[in-house]
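Beneath this line is the structure, given in structure tokens, with notes to follow.
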């Protein structure tokens, strides 16, 4: 009786295992086309299979607990991994992982707080953890792109920035155009996705609800909330990352920190 849940889990994994035949097809095509991606495909799918299986057991445990501390720990873990990943993308930004982590934490925490205050979601693991995961994942991508793009743009236009600083501009004023460009590029995919949601493809949250038996009307209500929170969290996180990057981009005398922009 104690192992009934394990039997149900193994029986439920038969369909995911059957779906790996699609990956076998992809591996075969990669081999025939001599793309050299076979090993990476197999590794990626095996890793995803293992990660999702483990996180399934973890969530099952957290959902059965009544202590809200588990929600906070799960959220902080997601933010930590996201900060590390975004920092890896912007590897030339000093303390990039900490900057990204703090930015993602700020954007998602503010958004989550507003959703809770407005009573959009109850503070329970079943709601908060999936919602936080979507926000953190989106903010991770946007923050990483913002930081990398900002550093690269300033590096490309160092002469313009240094001229503006020599004429008395503050670091904020001297890099205003680079900041705007980085934010627009990073946030454009989020906004484009919001403009085309439901027209090109059905989002994951909406698809999951419909496949789970919810009515399409209930599904779109949740999806509208999801799109709103993704835009909000991504915007706050990306803007916050530009402010946190400045101390490492400039010296105390408001000059460009040359060593930050000389690395390839």
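Glycine is treated like the rest: Cβ placed from N, Cα and C.
What you see is a predicted model, and the numbers here were worked out from it, not measured in a lab.
According to TrEMBL, the protein has these features:
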type	residues	note
TRANSMEM	12-32	transmembrane segment
TRANSMEM	44-63	transmembrane segment
TRANSMEM	69-86	transmembrane segment
TRANSMEM	98-121	transmembrane segment
TRANSMEM	127-147	transmembrane segment
### Leading contact stretch, 12-32, 44-63, 69-86, 127-147 vs the transmembrane segment (98-121) - CB distance under 8 Å
127-147
### Task
May I ask for the residues of the chain that lie six or more residues beyond the transmembrane segment (12-32) and have a Cβ under 8 Å from a Cβ within it?
38, 41-42, 45, 49, 53
